[in-house]
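Some notes on the structure that comes next.
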């Protein structure tokens, strides 16, 4: 059941938080951590791609995909296409971000998949990919019957929100893990970089909260030109 809040009323805050989070992670990675690179003698530059791609590419674009489906006053076929494409881009960038972490670890001779953050991350990206593939087949092409779509919709929405919330929580865990490593290496616990990392995590969590709120809010009224098949309410869709 939708919360009695119009989705348009909360999307502005979500978009603003997304911009702030993106700027903060870029400032951290470029100004404090030295920049971004796929090939570099300084392997830390390779790792810097990981938080940038996972936050901007995976968390923010994934959130914008959810928001777009709930807040855009467009016909449902158009919203479905935008929703699908944004999630595909988010998934691709998320995979690229994980590859950057593996590349950094391999070239720095650091073990892979030893932390809770990495375990949850692999689980999240796997569930996200599974959700996208089955959603493409059922809701987009070739598409299931109206009864099949209606029956799977609650599970589609519930799994989508679960995966997204898990992704946001794991992002916060990743910031904490990296900050702990840096502090163990001598970073000032009360320095500007430590505060920047912590506040980036907080903004990320707030963005995720507003995305979930948008997904639970009422959608704009559908256009009267939408066909009967598309009049089925897919507005609670999360992925």
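For all residues, glycine too, the Cβ spot is worked out from N, Cα and C.
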Subject >> Shared topological domain relative to the membrane, residue 31 and residue 110, Swiss-Prot >> reply: yes
Original post:
Looking at 194-214, 215-235, which one does Swiss-Prot call transmembrane segment?
Top reply: 194-214
Subject >> Surrounding residues of the transmembrane segment (120-140) on its own chain - C-beta under 8 Å, 6+ positions past either end >> reply: 54, 58, 62, 80-81, 84, 87-88, 90-91, 94-95, 98, 113, 148-149, 152, 156, 159-160, 163, 166-167, 169-170, 173-174, 234, 237, 239
Subject >> Spatial separation of residue 156 (heme b 2 binding site) from residue 117 (heme b 1 binding site) - C-alpha basis, Å >> reply: 25
Original post:
Pick from 50, 83, 117, 156: which of these binding-site residues has the biggest number of other Cβ atoms within 10 Å of its Cβ?
Top reply: 83
Subject >> Other parts of the chain folded back onto the transmembrane segment (8-28), taken as Cβ under 8 Å at six or more residues beyond its ends >> reply: 51-52, 55-56, 59-60, 63-64, 67, 70-71, 193, 196-197, 199-200, 203-204, 206-207, 210-211, 213-214, 217, 220
